[in-house]
Amino acid sequence: MTIKISKIKYIGFYYCIIYTMTRACLGSLFGKLPFLLFIVLLCLYILAYILTYKFQKQKIVKNNFYFGYMLYILFIIMSILVIRNSSTYAIYEYVFYLLWLFPVCYMINGNIFENILKCYEIMGIVLSVEAIWEFTTGNLPYRVSVEQQVIRRACGLVGTPLTLGMIFACITLIAIYMGLINSKKHFIVAAFTFIGLLMTQSRGPLVGFVVGFIILGFLEQYKKTKKIYNVFLKSIFKIVVFILILMILFELLYDKIPFIQTIYLRIQTITAWNGTDNSNDLRQHYWQVGIEYFKQHPILGYGVSTSGTHSSTGINVESGVIKKFMETGIIGATLYYVTFGGNFLSSIKKCVRKDVKYYPLATAIIITIFIENIVLQIIESSATFMLFIIFFTYLYMAGGGKILEE
């Protein structure tokens, strides 16, 4: 039996997706080999896209996004070479991450995109079952951080509760949308992954999910009816009803189920930004640290990859937005947000006009990630960035008519 080259490249890409969600588990079992395979595969896809560019249907048009994208990469390279504090880790965290656009362009089309969604749903079931097991037993075999947890939180195969929470938030949105446009069976996946999200007790991903869910519902209804005002009013009504039902359920089950009590108390700390509750004091302190560094180096920034999990400086700023301004200054942050934000908005407009099939989902996923990235630098996680770049590229290519729909 022979396996076609095309099938091998798809299997390799699915491996890259799965690796980002299971890297702690794979690392503990096989050492650095899974990571090296991940790097090699993505490098091969980048090279393959560049070498076969003229034959590709998914071309990167030389427009404002193209020039902004190239300028931003050049700025990052300049920062690594010129700014003394910059870390060479930025080659991976910034440059390599940005180049993931090429593998996604190389792989993506109508059929493969739907298979990617199925891949995420299947992994969602696996991860949610594992998260439930972790939460109920207290066993965290693949946890990355050595700091003691104040509350019980599932870390999953990826090793961190926040990244796992973000994965669950996005997969839940995927399953909900697939349930709305295809089979209702997808709602079963959504139920599992939402429970998984609760098992992580991650507030940011939960808030991001709620915002993404609202956006998804609004755009999906608008896609059907094309009546924005009616859709807006109905969406507001549904949101109010949903919140009321949720509050009633929490009140009824609060004293009966300890898990509900724990989740409810955890959710309440989302709004605890002052007073006697210190749930967010440390986070606010980290934000202030990042802002102070930005004030000292406002133009070009303090240096790329000088904060975060893998930095050698020990600086932690938590917020992804503050991290961007602190590390790359006004010039770098402006280049980044104008390039990606501007293309995101223009792609949505084009997708709305073309009535692209998955634009409500892609929009909701990207907004969900951005909401969480304001509070926590979640996009530095390979799992989150993979989700971001897949859906960003889908909007970019579908808006330009470069993706084959069924």
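In case you wondered, yes, glycine gets a Cβ from its N, Cα and C as well.
According to TrEMBL, the protein carries these features:
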type: TRANSMEM; residues: 12-29; note: transmembrane segment
type: TRANSMEM; residues: 35-53; note: transmembrane segment
type: TRANSMEM; residues: 65-83; note: transmembrane segment
type: TRANSMEM; residues: 89-108; note: transmembrane segment
type: TRANSMEM; residues: 162-181; note: transmembrane segment
type: TRANSMEM; residues: 187-219; note: transmembrane segment
type: DOMAIN; residues: 189-336; note: domain 'O-antigen ligase-related'
type: TRANSMEM; residues: 231-250; note: transmembrane segment
type: TRANSMEM; residues: 328-346; note: transmembrane segment
type: TRANSMEM; residues: 358-379; note: transmembrane segment
type: TRANSMEM; residues: 385-404; note: transmembrane segment
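Residues of the same chain lying 6 or more positions beyond the ends of the transmembrane segment (162-181) and with a Cβ under 8 Å from any Cβ of it are 21, 117, 120-121, 123-124, 127-128, 131, 154-156, 187, 189-190, 193-194, 196-197, 200-202, 204-206, 208-209, 212-213, 216, 220, 357-358, 360-361, 364-365, 368-369, 372, 376, 378, 381, 383-384, 387. The list of residues near the transmembrane segment (328-346) in space but at least 6 beyond its ends in sequence, with Cβ under 8 angstroms from a Cβ of it, reads 64-65, 68-69, 71-72, 75-76, 79, 294, 297-301, 304, 366, 392, 395-396, 399.
Using a cut-off of 8 Å between Cβ atoms, the transmembrane segment (35-53) and the transmembrane segment (65-83) share fewer than three residue pairs, counting only pairs 6 or more apart in sequence.
Mean pLDDT for the domain 'O-antigen ligase-related' (189-336) in the predicted structure: 83. For the transmembrane segment (187-219), the residues of the chain that approach it from at least six positions outside its boundaries are 121, 124-125, 127-129, 131-132, 134-135, 151-156, 161-162, 164-166, 168-173, 175-179, 231-232, 235, 238-239, 262-263, 266-267, 269-270, 359-361, 363-365, 367-369, 371-372, 375-376, 378, judged by C-beta separation under 8 angstroms.
Counting Cβ pairs closer than 8 Å to the transmembrane segment (89-108), the top stretch among 12-29, 358-379, 385-404 is 385-404. Long-range contacts of the transmembrane segment (12-29) within its own chain (CB-CB distance under 8 A, at least 6 residues past either end) are made by residues 35, 37-38, 41-42, 44-45, 103, 107, 115-116, 119-120, 123, 127, 141-144, 155-160, 167, 381-383, 386.
Under DSSP, the residues of the domain 'O-antigen ligase-related' (189-336) split into helix, strand and coil as follows: 108 helix, 0 strand, 40 coil.
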